[in-house]
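Lifted from TrEMBL, the feature list:
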TRANSMEM  12-30  transmembrane segment
TRANSMEM  78-95  transmembrane segment
TRANSMEM  102-123  transmembrane segment
DOMAIN    123-284  domain 'Lipase maturation factor 1/2 N-terminal'
TRANSMEM  129-146  transmembrane segment
TRANSMEM  215-235  transmembrane segment
TRANSMEM  247-278  transmembrane segment
TRANSMEM  298-324  transmembrane segment
Amino acid sequence: MGGIILPRRMFLWSMSVIYLSAFVSLYVQIPGLYGNSGLLPARWRLRYSGKSLWEQLWTSPSLLWLGPHLGLDTHTCMELLCLLGAALSLAATLIEAFRDSVVFFCLWALYMSMYQVGQVFLYFQWDNLLLETGFLCVLVAPLTVVRGSSSVRDHDGVTFWLVRWLLFRLMFASGVVKLTSRCPTWWGLTALTYHYETQCIPTSLAWFAHQLPVWWQKLSVVGTFFIEIAVPPLFFSPLRRLRIASFYLQILLQVLIILSGNYNFFNLLTIALCLSLLDDQHVYFWICKPYQTIHRESWLWSWLVYIVELMVWAFLVFATILCFDLQIDIQKKSITSSTAFTYHQFNQFLRL
């Protein structure tokens with residue numbers, strides 16, 4: 001794996017921005033959701049039964065237990081913690097020195113405190129993903145408060161690899177669960193003919209996407225399965241161009257979702273995870289700066305790598321064509337598709 005200094009910095013900055021949006025968004029909603037007259041008052045979740053502070057923290061780890069000791073009610077304490085989280089994440093966004101392991105631990109602890117009393121409004125997939133990714137940030141971020149330097153450490157490659165592993169679990173599971181749920185719309189490749197008009201908060205572009213012909217909607221479902229199931233194993237490929245290509249495919253999917261629907265910071269968080277697929281060499285390519293490699297590959301090795309990469313993509317495309325019976329209909333000027341495997345066969349594939 002190549003250098004990861006720049007991708008790691010980009011990842012930590014992205015997480016700072018996402019934390020900032022999460023805390024600010026939650027802060028403005030606290031009165032209506034968790035206030036004393038809100039939909040689900042948070043004080044109901046923190047019942048003081050006479051236990052010691054440590055017992056309360058062990059039962060439900062939340063800094064909100066400190067509220068009564070500071071003379072604050074639950075509602076006010078939530079607002080205070082959100083403001084503190086927003087201030088820390090803003091500092092981390094603007095100043096690299098604040099993208100520290102200790103700061104990210106504080107951000108994680110603050111959001112976990114909110115999560116403990118958030119009830120159904122904080123039980124979404126993106127809240128759980130933010131907590132898991134945020135905990136990884138504690139491991140990925142440098143410990144500048146103690147060491148006084150953000151230089152590269154020997155184990156940085158391992159901790160950043162954990163981010164890639166989380167991305168794989170997220171994307172592969174997202175694709176697999178669509179089929180293991182036995183939902184007839186996913187198996188029939190018609191899910192997107194309903195998705196745009198039934199999602200919670202569609203964008204204006206969702207209306208136009210809904211007007212696309214059915215054959216295109218079905219082909220889009222096939223593309224979704226390709227990106228979410230077939231591509232994720234390439235995250236761990238020793239061939240960097242396969243990883244880079246998988247990065248762009250994941251970004252394409254996330255951007256299309258953002259354009260057609262509002263899922264809070266979920267897609268931005270997924271894009272941040274995708275940064276773990278990059279290396280310094282590719283980031284230098286983005287900013288048009290030369291990158292000096294230590295070892296230069298021979299022309300024979302380069303050609304062998306190209307051939308292997310072409311074979312991998314040819315195999316994935318061919319397998320997709322077979323699995324979804326893709327055929328070009330010249331008369332109708334369309335591409336027909338249908339699921340050509342059974343639920344049992346798919347389960348057998350997952351057990352490999």
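Any Cβ shown, glycine's included, is placed from N, Cα and C.
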Proximity verdict for the transmembrane segment (102-123) and the transmembrane segment (215-235), three or more C-beta pairs under 8 Å: no
Arithmetic mean of per-residue pLDDT over the domain 'Lipase maturation factor 1/2 N-terminal' (123-284): 94
Which of 129-146, 215-235, 247-278 contacts the transmembrane segment (298-324) most, counting Cβ pairs under 8 Å: 215-235
